[in-house]
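A.B. asks: Dropping the structure in here first, questions after.
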């Protein structure tokens with residue numbers, strides 16, 4: 001009996017907790033690599049398309065190995081429509097986020113990610129996926145957290161305090177934080193995390209209809225690859241930009257496709273299915289500390305007070 005309870009606690013609490021933390025580390029690593037590659041000339045349109053293409057290949061392979069032959073529900077047309085809508089949300093969110101990182105830094109991206117729990121909780125309440133009991137301490141904590149998250153994000157975007165830690169001149173010679181476009185980057189990143197919160201809600205609904213994480217994420221990435229091919233080829237007309245040579249650009253694309261866009265999305269989708277959208281979104285703020293360390297070491301970002 002005790003072993004059953006212990007195993008249930010481990011599988012229902014410890015494993016999801018560990019998985020969500022690992023995904024946040026992977027996501028920050030991906031954004032840091034992209035920022036470093038973009039400073040060396042990688043087009044974010046090229047990055048978006050190739051990362052989705054790599055993810056599709058990875059997920060197709062995983063679906064052959066681990067995929068289960070569950071039948072599609074009878075209402076499969078609405079399911080495909082929801083996956084298509086999910087693709088539009090995810091692709092728009094990603095383009096806004098990567099452009100925001102180009103204008104600012106991965107550290108700001110992680111700081112603005114504080115908005116994700118606030119947005120997700122608000123949307124979950126609106127769609128009746130989360131109950132609001134004003135006398136409940138848990139609900140009060142979520143409401144206070146929502147207000148603090150939004151206030152903190154506004155302060156981060158609109159106020160950039162004095163530098164506490166300045167990167168070495170050697171590293172800074174290769175990278176800068178584009179301070180003049182800080183606010184534009186912040187607004188783009190806020191848009192990204194609002195769309196991500198909607199993505200969480202919609203993905204949770206899809207899991208209720210068709211609880212096959214690998215298959216759903218495979219269809220999502222396949223649609224994203226096809227749509228991004230049209231958008232990115234039209235937006236990036238320099239053919240030389242599409243030739244990836246061995247170096248940081250190739251590493252960034254492969255890392256994103258394998259660990260972030262494919263495996264990270266599968267784990268997030270599994271977490272949404274198991275624990276719900278609010279639980280998954282609560283781990284976004286953990287990325288701040290990771291991004292600060294990575295940004296200071298690899299990108300030469302200065303650490304600011306505020």
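A Cβ is built for glycine as well, from the same backbone N, Cα and C atoms used for every other residue.
Sharing the record's features from TrEMBL:
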DOMAIN    21-157  domain 'EamA'
TRANSMEM  44-67  transmembrane segment
TRANSMEM  79-96  transmembrane segment
TRANSMEM  108-129  transmembrane segment
TRANSMEM  141-161  transmembrane segment
TRANSMEM  181-202  transmembrane segment
TRANSMEM  214-236  transmembrane segment
TRANSMEM  248-270  transmembrane segment
TRANSMEM  282-300  transmembrane segment
A.B. asks: For the transmembrane segment (181-202), which stretch among 44-67, 79-96, 108-129, 214-236, 248-270 has the most Cβ pairs under 8 A?
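C.D. replies: Answer, by Cβ pair count: 108-129.
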A.B. asks: At a threshold of under 8 Å on Cβ distances, which of 79-96, 108-129, 214-236 pairs most often with the transmembrane segment (248-270)?
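C.D. replies: By Cβ pairs under 8 Å, 214-236 leads among 79-96, 108-129, 214-236.
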A.B. asks: Within the domain 'EamA' (21-157), what mean pLDDT does the predicted structure show?
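C.D. replies: Looking only at the domain 'EamA' (21-157), pLDDT averages out to 80.
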